[in-house]
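Going by Swiss-Prot, these are the annotated features:
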type     : residues : note
CARBOHYD : Asn75    : N-linked glycosylation site
REPEAT   : 1-146    : repeat 'A'
REPEAT   : 147-270  : repeat 'B'
SIGNAL   : 1-26     : signal peptide
TRANSMEM : 118-138  : transmembrane segment
TRANSMEM : 146-166  : transmembrane segment
Amino acid sequence: MLGLQIITLLFIPTLLYAYELEPLERTETPLEKELGYWCTYANHCSFCWDCQDGICRNKAFKNHSPILENDYIANCSVYRRNDFCIYYITSIKPHKIYRTECSEHLSHEWHEAVIRKWQKLLTYGFYLVGCVLVVNYIRKRSLQTIVYLLVLLVIFFLLSQLMLYRELEDKKHKTGSIPPERELEHWCTHGKYCNFCWDCQNGICRNKVFKNHPPIGENDFIRYDCWTTHLLNKCYYEKIYKHFNTHIMECSQPTHFKWYDNLMKKQDIM
């Protein structure tokens, strides 16, 4: 019986960390429970919208403004593996392909690096303690020694989880008006009217991130103060100008999106 318990103990790392998500084969209609994820990344895909009489309402975000049915809404296919997701815009040729992080995984590279480091450490630790348990059981058959080692194993696991949590907490980007420089490309794709994206001198403003962006005159377009927040599982920015306008997105959302700009233009027209 004790031998079976030891074998089970050795497989704890696999049970804890080798959990695989249910694969999603290529399909034009993702699972309903995943619509919130896909319609954040691929908001222009037809599976996100319910269109009747030329008016389309978003299936995932009920408070989303209705839009007119037009070429903005494209046919898409989605494909999810255990470690990444892909969606294809199939209504144009050649197909446009976007690879994203799946929403089940927290999405920043630093986070994944930390997770991988601690997973490896925990796995080695479990196997090391498990091997010591087996050796002691065979050599001494000392129940007291085995109990001590089990307690040590539990303490090791709890301490490692605490250290991991503290490391992740320290790296969170708290609310602030200026995001870290490494994230400017992300923020300036979505909130390109925010003042932290521009370097203005003598009334002429140049984009800090996209060097090929033509210079523009300093005007109200870029006089918005923006507050950004980067949490572990989502990012959002608030445009502070006359009234608040909040946009929530996945932190790993692909850059150079055009659907958001197009949507804003259509809403302005409406």
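Note: Cβ is positioned from N, Cα and C throughout, glycine not excepted.
Along the repeat 'A' (1-146), the predicted structure has mean pLDDT 67. Within 10 Å of the Cβ of the residue listed as 'N-linked glycosylation site' there are 13 other Cβ atoms, across all protein chains.
DSSP classifies the residue listed as 'N-linked glycosylation site' as coil under the three-state reduction.
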